[in-house]
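Record features (TrEMBL):
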{"type": "BINDING", "residues": "14, 15, 16, 17, 18, 19", "note": "FAD binding site"}
{"type": "BINDING", "residues": "273-287", "note": "NAD(+) binding site"}
Ligand SMILES: Cc1cc2nc3c(=O)[nH]c(=O)nc-3n(C[C@H](O)[C@H](O)[C@H](O)COP(=O)(O)OP(=O)(O)OC[C@H]3O[C@@H](n4cnc5c(N)ncnc54)[C@H](O)[C@@H]3O)c2cc1C
Ligand SMILES: NC(=O)c1ccc[n+]([C@@H]2O[C@H](COP(=O)([O-])OP(=O)(O)OC[C@H]3O[C@@H](n4cnc5c(N)ncnc54)[C@H](O)[C@@H]3O)[C@@H](O)[C@H]2O)c1
């Protein structure tokens with residue numbers, strides 16, 4: 001029977017990576033928050049790979065941290081191996097990636113949540129949203145309790161009507177043996193949300209005792225670990241090793257021989273999977289010319305012998321999985337601890353959301369994470385903090401926080417998903433960010449910590465520290481610009497040693513640093529007045545000076561971009577009134593309801609001619625919308 005339980009300012013449904021960030025943000029902003037999870041053992045659970053970060057995703061974690069979120073600190077405290085990826089390329093695409101001790105990651109996040117004031121964690125399955133007059137009023141759970149609320153953030157991940165696939169074996173289920181959420185989808189439909197079906201998959205977890213690492217290539221972590229959080233000073237741990245091995249023709253033959261038993265081929269799986277994390281059977285079909293694929297053995301923690309087999313996601317029947325894994329060098333006698341499977345789940349069309357992640361139609365109702373059609377822990381965490389901050393600002397009747405494409409990868413992510421109805425799970429990649437020279441992982445704090453401060457998530461102490469760092473960067477840049485290096489014999493000897501042209505006349509140190517062969521550290525012998533600076537400050541000074549020309553060029557592009565973003569489109573606009581707009585554009589604009597000309601220009605199906613028409617219309621009707 002239903003009964004009235006406590007009231008909260010915010011209810012967050014789901015305690016995965018999105019839900020944890022969302023609930024922490026609202027509670028830290030001082031709002032009484034209830035965080036619900038189907039099972040408390042699912043708090044910050046990683047149902048797939050035991051890692052945080054990676055290309056593009058590492059940037060997101062840095063940004064979450066810069067805004068005052070938890071993911072960066074959590075992985076810093078629980079990592080067991082760390083690597084900066086892409087160091088052979090420019091700093092814009094350097095990306096941190098760390099292996100986590102999966103259980104330690106969950107325990108620490110749960111502990112932080114349990115000890116955060118204003119935050120209540122509860123094992124309950126949300127079954128119904130209570131909506132009145134287009135406002136969220138409460139959430140009903142499976143036990144009958146009705147919790148009242150003013151705002152709600154839905155972060156249900158891959159649980160909604162979850163269905164598991166392993167060959168012909170198919171059953172209702174959530175990730176990693178959890179049970180699925182089978183009621184909330186109907187409530188979302190009743191509230192007017194159109195749901196779609198996506199799918200994802202995971203490889204087997206195998207028993208380390210049955211692996212022969214001597215037949216694989218060892219993969220070490222970095223000698224010096226770069227932390228994710230700007231607040232972590234240093235990380236000094238004994239890192240574990242990962243191992244690399246490869247599939248071969250025998251593996252591929254087993255896959256090809258059993259393809260007709262794959263639910264991907266039989267058509268049983270109707271959901272669309274993530275293009276950039278294909279299953280091994282998809283890789284073998286799609287890249288038929290490749291005779292091998294790489295597989296990484298990643299230990300799942302320090303207190304377990306379970307090993308995650310990266311690259312071998314599959315939904316073939318269990319006995320086929322075991323046979324194909326055993327064709328791989330070092331895995332001849334492998335024993336499974338958990339089998340690979342695919343999962344299909346319901347998610348909404350994120351075009352139903354504003355850039356704040358609030359529903360366009362129901363006030364106070366926000367969505368974040370995989371429910372919005374994205375994939376990945378980091379994408380989920382990034383949306384979680386934005387939705388949490390905005391739910392808090394909504395309660396405070398304050399201006400919402402919207403990050404644009406020139407400010408953050410988080411801005412790119414949200415702008416992409418709300419404007420384009422993606423027909424596959426969305427994964428962040430550096431190539432999606434057009435201003436990626438500005439959106440580096442090293443400067444996430446410079447870009448976002450002032451915003452985190454404004455919304456109330458950055459403490460006085462952290463902010464003071466941040467301002468000191470910023471001032472130190474500016475001071476050192478100025479010193480290098482005004483310090484001239486003279487063409488003495490000593491200087492030219494040092495330069496020759498670095499393989500760069502000697503000087504014939506004096507040159508500012510900053511100018512010298514622009515040469516590709518020269519690093520900030522290497523100038524030390526000819527820079528006697530150099531102050532003691534932190535590694536972070538030195539890195540920032542070097543990047544900002546070295547790439548100054550390119551950065552300035554992107555800054556100019558951003559000015560143009562902002563002009564279009566600032567051209568607001570009034571909420572009350574009636575697109576059918578605008579002569580010259582094509583029918584397709586009218587439909588798309590009516591459905592997305594862009595806030596600016598800039599946003600309108602990124603909607604697929606709205607072309608430059610439509611934008612020109614819209615522009616002219618707004619100019620001619622400025623009076624009409626002056627109070628809108
Ligand atoms: C098999 C599989 C493979 C994946 N592969 C990867 C991968 O390799 N790497 C990667 O980064 N991502 C992977 N993902 C996706 C990754 O798990 C998600 O992107 C990420 O966890 C999403 O975070 P989230 O917070 O949106 O949801 P989740 O982490 O799924 O958390 C959802 C939370 O909502 C709760 N919940 C759901 N419904 C209700 C309800 N009705 N009431 C109360 N609580 C509810 C759950 O208990 C849980 O706490 C995979 C997922 C699965 C299942
Ligand atoms: N939500 C989903 O549906 C879903 C499903 C599967 C995967 N994913 C995403 O895919 C990502 C995994 O994808 P990926 O396969 O491209 O890998 P990745 O992004 O984690 O790693 C990128 C590259 O790093 C290198 N690398 C990985 N592990 C390493 C190790 N232990 N040692 C040394 N080098 C290593 C490899 O070259 C690898 O291809 C996850 O971060 C996740 O977000 C999402």
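Even glycines carry a Cβ here, placed using N, Cα and C.
Here the features listed in TrEMBL are painted onto the structure.
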residue: 16; record: FAD binding site; Cβ contacts under 8 Å, 6 or more apart: 42, 43, 44, 45, 155, 157, 369, 370, 380
residue: 17; record: FAD binding site; Cβ contacts under 8 Å, 6 or more apart: 44, 71, 369, 377, 378, 380, 381, 384
residue: 18; record: FAD binding site; Cβ contacts under 8 Å, 6 or more apart: 153, 155, 157, 368, 369, 370, 371, 380, 381, 383, 384, 387
residue: 273; record: NAD(+) binding site; Cβ contacts under 8 Å, 6 or more apart: 198, 199, 200, 201, 264, 279, 282, 342, 424, 425
residue: 275; record: NAD(+) binding site; Cβ contacts under 8 Å, 6 or more apart: 424, 427
residue: 277; record: NAD(+) binding site; Cβ contacts under 8 Å, 6 or more apart: 200, 201, 313, 375, 427
residue: 281; record: NAD(+) binding site; Cβ contacts under 8 Å, 6 or more apart: 255, 259, 262, 264, 265, 314, 315, 316
residue: 283; record: NAD(+) binding site; Cβ contacts under 8 Å, 6 or more apart: 290, 293
residue: 285; record: NAD(+) binding site; Cβ contacts under 8 Å, 6 or more apart: 259
residue: 287; record: NAD(+) binding site; Cβ contacts under 8 Å, 6 or more apart: 293
Close in space, distant in sequence - residue 15 (FAD binding site), Cβ under 8 Å, 6 or more apart:
23, 35, 36, 37, 40, 42, 43, 44, 113, 121, 155
Sequence-ordered binding-site residues from 15, 16, 17, 273, 287 with Cβ under 6 Å of an atom of ligand 2:
none
Near ligand 1, meaning Cβ under 6 Å from any of its atoms: which of the binding-site residues 16, 17, 18, 273, 281 fit that description?
16, 17, 18
Whose Cβ lies within 8 Å of the mean position of the Cβ atoms of 14, 15, 16, 17, 18, 19, the FAD site, other than those residues?
12, 20, 21, 22, 37, 44, 155, 157, 368, 369, 380, 384
DSSP three-state assignment (helix, strand or coil) for residue 283 (NAD(+) binding site):
helix
